[in-house]
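Just below is one structure, and these are the notes that go with it.
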């Protein structure tokens, strides 16, 4: 057994254990952290398969963005686990049925084998790095689907930003343009005033009360 095979078994074992802990951990934060570990192990396996683009994309997109956001959301929501366990057994039959169907599908795929092309790949293509091969393929044969996907992602990003720009009545927002156009006479003037004195009416009332007593 060479080094690559040994690393594959190590990464696969850690991946399976981390994935098992994702579904068995009682704390949602711990489950999210185990999911991050699962993604890291999958990225390492892809690196062993010389798919460095997929490996780096998995780490940057899923671990660096999606899972970190999910982890912060779980921590801020402070989910009550006891309330989630109330309907566990009610939904367990449906979840078990879905799990059995997925297991049967995976078994059918693995037992059926994989189709391998009889034609050997071109040596000019195999000598290129994985990332460069994907770049050439995306910007030649799939350039139009790539542009459509980029436009959809851009619209989604703009929509997400626009959703946060709704004005609130209780917001203490100050318009910078009004601050720039302010004049000296429009500003508040600090006036020095003498000490507060008792009003004459109050003095007469106080004297009348003293006379009656």
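From the backbone N, Cα and C atoms, a Cβ is placed for every residue, glycine too.
Unlike curated entries, TrEMBL annotations are predicted automatically.
Taken straight from TrEMBL:
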- 6-24: transmembrane segment (TRANSMEM)
- 31-49: transmembrane segment (TRANSMEM)
- 55-74: transmembrane segment (TRANSMEM)
- 94-114: transmembrane segment (TRANSMEM)
- 142-165: transmembrane segment (TRANSMEM)
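Same-chain neighbours of the transmembrane segment (31-49): 4, 7-8, 11-12, 14-15, 18-19, 21-23, 25, 55-56, 58-59, 62-63, 67, 70-71, 74, counting only residues six or more beyond its ends whose CB sits under 8 Å from a CB of the stretch. Tertiary neighbourhood of the transmembrane segment (142-165): none, as no same-chain residue meets a CB-CB distance under 8 Å with a gap of 6+ residues from either end. Same-chain residues lying 6 or more positions outside the transmembrane segment (6-24) and placing a CB less than 8 Å from one of its CB atoms are 30-31, 34-35, 37-38, 41-42, 44-45, 48.
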